[in-house]
């Protein structure tokens, strides 16, 4: 790496002086790191636009100042440099996935390196659905919570998201966004997907986070009817019913989860059965004449 390598973002944003931009133009074809960085930045911009459902809409902009070189203008003037890079990037996008195995998604994406979980609901992606003690973020006092407070999640790395986007692994993208608390992005990906039980389950998780318990229940009832042993949907429906104060029904759903014998989840579900039944008992006591 040299001094030019620190100027990639400034170059892309058109914020370099003419002299610095000219120096970077000569540097770019000779630096694999900057070529790779340029591809990554463009790829991440595309991923963000897709996730948020935005299109590229041209807006009127001021003419650049005399000492500023805009990237678009530079590209048009330097097609001989850009075209080979674009062709190489296109060939890599087509050929590399066919020649190499899919890269392993690091544990931090699905918080597999954490000893507790802050998400009460259960998403459909298997790697994101590993049981750990539930320790909610501040302000969430739902059933089954430990007494301490969950640590803030580590930053979500973007490269694995781009790799999953290329492979159309929407379940993994949604799970990563949900686990890292990026609910708007998760919702944006979900609404673009075709209907499926996994999609409806994950939409219900987003609804539960927003305390839209009836909406979550409406999404989950058809899933459970079609798949009576769908562990994630049963669990999430139990949470929705608990939020609606239908404690007896919630207890029955958690009983079904407990009967599935999943490591960790079954014991957790049994504790939630006891909590829901205790709430139902108190509810009957307060309503008695």
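Cβ atoms here come from the backbone N, Cα and C positions, even for glycine.
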Annotated stretch (region 'Disordered', per TrEMBL) among the listed ranges 110-132, 133-155, 156-178, 179-201: 133-155
Helix-strand-coil residue split for the region 'Disordered' (262-289), DSSP-based: 23 helix, 0 strand, 5 coil
Non-local residues, at least 6 beyond the ends, that sit with Cβ under 8 Å of the region 'Disordered' (262-289): 122, 130-132, 134, 143-144, 231, 235, 238, 242, 245, 247-248, 250-251, 254-255
Averaged pLDDT, computed only over the residues in the domain 'Putative zinc-finger' (7-34): 70
